[in-house]
Amino acid sequence: MRTLWIVAVCLIGVEGNLYQFGEMINQKTGNFGLLSYVYYGCYCGWGGKGKPQDATDRCCFVHDCCYGRVKGCDPKTATYSYSFENGDIVCGGDDPCLRAVCECDRVAAICFRENMNTYDKKYMLYSIFDCKEESDQC
């Protein structure tokens with residue numbers, strides 16, 4: 001029952017199409033995306049403020065900025081077309097907005113993979129109240 005509660009809490013705070021973004025993260029890192037990256041640092045999860053705490057948190061900051069540039073659909077709920085081909089994530093479909101959201105998620109998943117060595121468990125479930133420094137600009 002406790003595990004179910006933890007997963008439910010995690011589901012509330014993740015931006016984007018949860019399943020699709022989580023699958024991309026799993027594919028690129030081998031980690032379960034929801035539990036590994038939700039509420040990590042100052043930017044992973046819902047919203048964000050302050051300075052990214054490390055390169056992993058910066059991936060989330062860049063992802064938030066990318067979502068902020070998407071026009072024509074809601075990146076938080078958009079369902080897009082994508083596939084995995086030879087270890088790569090390939091965004092598809094004809095809708096430019098959905099492709100843009102997919103690209104944001106793809107780039108973030110790759111960023112997590114490239115920065116796995118910076119992942120620090122002390123930033124899991126990090127309090128937003130500890131994110132006091134001035135925010136970087138997108």
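Counting starts with 1 at the first residue shown.
Cβ coordinates come from backbone N, Cα and C, glycine included.
Positions annotated as signal peptide by Swiss-Prot, on the basis of experimental evidence: 1-16.
When Cβ atoms from all protein chains are considered, those within 10 Å of C131 (disulfide bond) total 18, not counting its own. Under the heading disulfide bond, Swiss-Prot lists C42-C131 (among others).
The Ca(2+) binding site annotation in Swiss-Prot covers Y43, G45, G47, D64 and rests on similarity to another entry. The DSSP secondary structure for G47 (Ca(2+) binding site) is coil. Residue density at G47 (Ca(2+) binding site): 10 other Cβ atoms are found within 10 A of its Cβ, drawing on all protein chains shown.
The disulfide bond annotation in Swiss-Prot covers C44-C60 (among others). A C-beta separation below 8 Å, combined with a sequence spacing of at least six in one chain, links C60 (disulfide bond) to Y37, Y40, G41, Y43, C44, G45, G48, P52, A108.
Sequence-distant neighbours of C111 (disulfide bond) (same chain, 6+ apart, CB under 8 A from its CB) are R58, C59, V62, H63. What Swiss-Prot records for C59-C111 (among others) is disulfide bond, and it gives similarity to another entry as the kind of evidence.
For H63 (active site), the number of other Cβ atoms no farther than 10 Å from its own Cβ, over all displayed protein chains, is 25. Per Swiss-Prot, the feature active site maps to H63 (among others); the stated evidence is similarity to another entry.
Within 10 Å of the C-beta of C138 (disulfide bond) we count 10 further C-beta atoms, all protein chains included. In the three-state DSSP scheme, C138 (disulfide bond) falls into the coil class. Per Swiss-Prot, disulfide bond is recorded for C65-C138 (among others), and the stated evidence type is similarity to another entry.
Using a 10 Å Cβ-Cβ cutoff, C66 (disulfide bond) registers 19 neighbours. If you look up Swiss-Prot, you'll see C66-C104 (among others) marked as disulfide bond.
In the three-state DSSP reading, C73 (disulfide bond) counts as coil. For C73-C97 (among others), the entry in Swiss-Prot reads disulfide bond.
Annotation source Swiss-Prot lists disulfide bond at C91-C102 (among others). The Cβ of C102 (disulfide bond) has 27 neighbouring Cβ atoms from other residues within 10 Å, across all protein chains displayed.
Here Swiss-Prot flags D105 (among others) as active site, drawing on similarity to another entry. Counting every protein chain shown, 28 other Cβ atoms lie within 10 Å of the Cβ of D105 (active site). In this structure, D105 (active site) is part of a helix by DSSP.
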Inset, instruction - Please work out which residue of C42, C65, C73, C91 has the most C-beta neighbours within 10 angstroms of its C-beta, and give that one of the disulfide-bonded residues. - result: C42
Inset, instruction - Determine the Cβ neighbour count for C97 (disulfide bond): the number of other Cβ atoms within 10 Å of its Cβ. - result: 16
